[in-house]
Amino acid sequence: MKRTFIMVLDSFGIGASKDAEKFGDQGSNTLGHIAEACARGDADIGRKGPLYLPNLSRLGLGKATEESCGTFPAGLDKDADIIGAYAYASELSSGKDTPSGHWEIAGVPVLFDWGYFKDEENSFPQALLDKLVERANLPGYLGNCHSSGTVILDKLGEEHMKTGKPIFYTSADSVFQIACHEETFGLDRLYELCEIAREELTDGGYNIGRVIARPFVGDKAGNFQRTGNRHDLAVEPPAPTILKKLVDEKNGEVVSIGKIADIYANVGITQKVKATGIDALFDATLVEMEKAGDNTIVFTNFVDFDSSYGHRRDVPGYAAALELFDRRLPEMLKRVKNDDILILTADHGCDPTWSGTDHTREHIPVLIYGPKVQPGSLGHRETFADIGQTVAKYFELSPMEYGKSML
């Protein structure tokens, strides 16, 4: 029975890639800088001491990081008994965004340039805004700028509730984000507005990767909170991914947990499981691992590393989340049977010690575990698509155009 479990620790980079300078990210290192802060005692809020990741260390995380950047992460166990294969991978795609990273993991790098809204203020074309107001029958709009999602809620959330005007904002990523209150504006209405925005952006040739619904609750600045009802409307990958090939060629199953289905625009997904928060995502993953039959991929995105800690530049929070994931990892490892393979990886970096609030261009870890996987280094992988090619070979699918199998 062949089953693959792919876990994306969203934003968990392990050192700047060779081309990081082009992105202003030379010297970034998500894991390395978190580990250094913990070792210095600068991350003792809600946790304490050096970063403690014994289970990820046994899978080769520390060694992969050392190969990536030349420095072993502070506090991690250098003498851990390695039980998995490990590597670090560079991104071939032109961007450092979520769809690019995930599509490349699934064998389809993004070699074109996304469109971006580069102006910090008045970010969106007036013609686009006018169409959204007209088609969605809006009283107007707020924002129209670059912003962190939590900052803009404190700034404009109360006005949004009073006026019914949605909050439009963007970032350095190829995104059009819409924040609306779940109760005063309505969740279904927000989703409808996002569908309209997706249509207008596509028909208008803007080439924007994602429209993101950002629902929130609360009654005043300071207590607004984004909910788990986020929804991403992505464009479809430009070529068949390993997910689509498994379904088409083997009549296989692909179980999306978290935001995976959104990222691939539902293409190649046979089942969707929603969960919010690391524990809930982990619980859902364990359930689906138990249920998985032959020719199945269970694919989970642990978004909180990125959304709650990376973008918010919260070092103690990121460290505590990693330690939580590591504590629970044995539950996952014991569900890996016989011919199964488990792959732990990331889609980009988001160094919480870095300036700004955006992603960082970094190598990602590739940690592979299974009873038949030979432990040891798999070296430097020139593209995330090596993961996709490895999975394609494992399931005996037609080869992907990009990537080399690691097993």
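Counting starts with 1 at the first residue shown.
Quick reminder: no glycine exception, Cβ is built from N, Cα and C everywhere.
Reduced to three states, the DSSP call for D347 (Mn(2+) 1 binding site) is coil. The feature Mn(2+) 1 binding site is assigned by Swiss-Prot to D10, D347, H348, with sequence analysis given as support.
On its own chain, H359 (Mn(2+) 2 binding site) has S11, K96, D97, A172, D173, D306, G310, H348, G349, C350 as residues at least 6 apart in sequence with a Cβ closer than 8 Å to its own Cβ. DSSP assigns H359 (Mn(2+) 2 binding site) to coil, not to a helix or a strand. Here Swiss-Prot flags D306, H311, H359 as Mn(2+) 2 binding site.
The most crowded of the binding-site residues listed here (D10, D306, D347) is D347, judged by how many other CB atoms sit within 10 Å of its own CB. One way to see the shell of the Mn(2+) 1 site is to take the Cβ centroid of D10, D347, H348; the remaining same-chain residues with a Cβ within 8 Å of it are V8, L9, S11, F12, T98, G101, H102, D306, A346, G349, C350, H359, I364. Excluding D306, H311, H359, which define the Mn(2+) 2 site, the same chain contributes D10, S11, S307, G310, H348, C350, T357, D358 within 8 Å (Cβ to the Cβ centroid), listed in sequence order. Ranking the binding-site residues H311, H348 by other CB atoms within 10 A of the CB puts H311 at the bottom. It is 11 Å from the Cα atom of H311 (Mn(2+) 2 binding site) to that of D10 (Mn(2+) 1 binding site).
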